[in-house]
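Chemist: Dumping the structure here so I can ask a few things about it.
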């Protein structure tokens, strides 16, 4: 499904003298009214430049920023994005202080040829997400008639639609699934995400290894279930490993994370792994702390000793690291979602950093490596390893839902190649 959707290269001949409406993900962090990290803006620059090369009548960009919950909140305005976007494109960008309505429609219609317009935050309107939070703090559903009008107004701002916002592809929001044009194409950033994930999930080079981390088993049940249908080996680390270890080996886990709900389903997951012939790797030794803080005292324990009361499992030990490295060395496709320990604290980051080093080495030897999920992406950026892996996903929630086997509304809505 993922590879059947049209991209910018399929629609180049349709762009000249047409106005392109493009959904981007410019949800960037701001500091004192300036863009703090432009990575997401940079991500869509190739798509924007390619569209501009085709001499469109104009290009209208729309995005959300932050969580204004359907209200106009000035600190979430898109306006600070303009100078950074102008700098990256080397050309002027016009900012409109709304995203729908008569004034916006008029301004777009009367804009000069080839003009780039950035609309105000889509989420200032309840109709974008289909809900808002009122003055009393209650969640309220948006009026369905108003949602239709909102979508109609957005649609009128272009002749064809390009979506480059992978980060919100798992949301059935108006700007993702409500723009009613025959041509609905993926931008380069979105297409790159889909190409990497479709290859890994539909036709991976084997052995296929998935590395999972995170705190709670119950949050990852669907992910584990889905990946057991696809992979050859699975590393389970991070906080959720202790729930597995307690169930399998009945060891003491001290004050380590324990997920009671997830505990009940461990047997079921292990049975499926056995039936599917998937080799599961769990920690065999651990670095523990007497607190979560940077100044925590540390001690090492293993499966034989268990973890005494007062100690928390916070990272993989050397034997576990060696076993994980061997699994990585065998793999030709690696998908990694979730760090192996409390990587925010340097002394508990070693297991994750070591694993990343081996993933980078294996990538340099020809394996495909995909990094997804906010924490793992942060780790890769901290270690300056972005260029050492095949692909760092820009969408935490979207990549997780893809791996869980879910259909992403924003992707499903794109035009199929055979419909063009």
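Placed from the backbone N, Cα and C atoms, the Cβ positions cover glycine too.
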Chemist: If I go by Swiss-Prot, which of 238, 317 binds CDP at the same site as 214, 219, 338, 343?
Modeler: 238
Chemist: Which one of 129, 149, 271, 344 goes with 215, 220, 239, 313, 375, 376 at the ATP site, as Swiss-Prot has it?
Modeler: 344
Chemist: Out of 40, 184, which does Swiss-Prot tie to the same (2R)-3-phosphoglycerate site as 24, 25, 26, 27, 63, 64, 66, 67, 122, 123, 170, 171?
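Modeler: Of the residues offered, the record points to 40.
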Chemist: Only counting partners 6 or more residues apart, tell me which same-chain residues put their Cβ under 8 Å from the Cβ of residue 220 (AMP binding site).
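Modeler: For residue 220 (AMP binding site), the qualifying residues are 212, 214, 240, 338.
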Chemist: Cα of residue 344 (AMP binding site) to Cα of residue 375 (Mg(2+) binding site): how many Å, rounded?
Modeler: 9
Chemist: In whole Å, how far does the CA atom of residue 238 (CDP binding site) lie from that of residue 171 ((2R)-3-phosphoglycerate binding site)?
Modeler: 28
Chemist: If we check Cα distances from residue 219 (CDP binding site), which of the binding-site residues 123, 239, 313, 375 wins as closest?
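Modeler: For residue 219 (CDP binding site), the closest Cα among 123, 239, 313, 375 is found at 239.
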